[in-house]
């Protein structure tokens, strides 16, 4: 089934070229199907890239999905045009009365700041509190996961001695959990972050279960016992070239950065990187949409 997106969204052409089934709202409204309503709080600086990456994964589900893009009203991004934001995004006061079947809170390049110093932290906490009553299941990604663990459970983040940067092996810690249904015992996922959460802090919280770990990247996937809050410290949505672009960006800025681990063939940045995480990324999103959103959400919200 398709993903429903605004008619002129730039991601539409890219997704169609990749044979991802998309349709605009006009065609979707003509189908007598109850679609899932997913809201994406996009905190990434390059919003159009993040849109395409997330829509690509949502579009591989057999379910019909309506997507709403949300941005903080208290933050003015520097790398996305005002026209794009006005055309395709809404702000929290305009949707706080609505119910959504699922929500995605993306990462953001603010992880080295204390949470309370992020200029939209107050608004973000208001949104995360709202999800308790208005969203069936929320998927938090990278810094979004750290922010959610801190807000909901008081779990802090810790600075790393060097950036966790590369594509790492992960193991399934809990068998027969629906979110990881169909996963291999070992799977790969990109990470790109300067901070971490600790296993021992999470294990102190009875409502949380660690579903996946990495020897090198640490905690990867955490879920609340009711499945309403999912925390993912990696970036399964990343394109094959995203880490390459981040590496070249940091080199150009003169920042201390090492070659992304287990990413370039033979650790040679002149070689094109291979996407070795795509199948599990798609499976993760399909499982979340099916078992944690579609199977749990009411047909009609009260």
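Cβ coordinates come from backbone N, Cα and C, glycine included.
Database features (Swiss-Prot):
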type     : residues      : note
SITE     : 111           : site 'Important for acyl-CoA specificity'
ACT_SITE : 142           : active site, acyl-thioester intermediate
BINDING  : 163, 192, 249 : substrate binding site
SITE     : 192           : site 'Important for substrate specificity'
ACT_SITE : 235           : active site, proton acceptor
ACT_SITE : 237           : active site
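Across the residues the record lists as binding substrate (163, 192, 249), the two Cα atoms farthest apart are 14 Å from each other. Across the fold, the C-alpha of residue 142 (active site, acyl-thioester intermediate) and the C-alpha of the residue listed as 'active site, proton acceptor' stand 7 Å from each other. Following the DSSP three-state reduction, the secondary structure of residue 163 (substrate binding site) is strand. Other residues of the same chain near the substrate site, with their Cβ within 8 Å of the Cβ centroid of 163, 192, 249, are 165, 243, 246, 247, 250, 257, 260. For residue 237 (active site), the nearest of the recorded positions 111, 163, 192, 249 in terms of C-alpha separation is 192. Once Cβ contacts within 10 Å are tallied over all protein chains shown, the recorded positions 163, 235, 249 are led by 235. Counting only same-chain residues six or more apart in sequence, the Cβ atoms lying under 8 angstroms from the Cβ of residue 192 (substrate binding site) belong to 142, 163, 164, 165, 235, 238, 242, 243, 246. Around residue 111 (site 'Important for acyl-CoA specificity'), the same-chain residues at least 6 positions away in sequence with a Cβ under 8 Å from its Cβ are 142, 143, 146, 157, 193, 194, 195. DSSP classifies residue 249 (substrate binding site) as helix under the three-state reduction. Other Cβ atoms within 10 Å of the Cβ of residue 237 (active site), summed over all protein chains shown, number 27.
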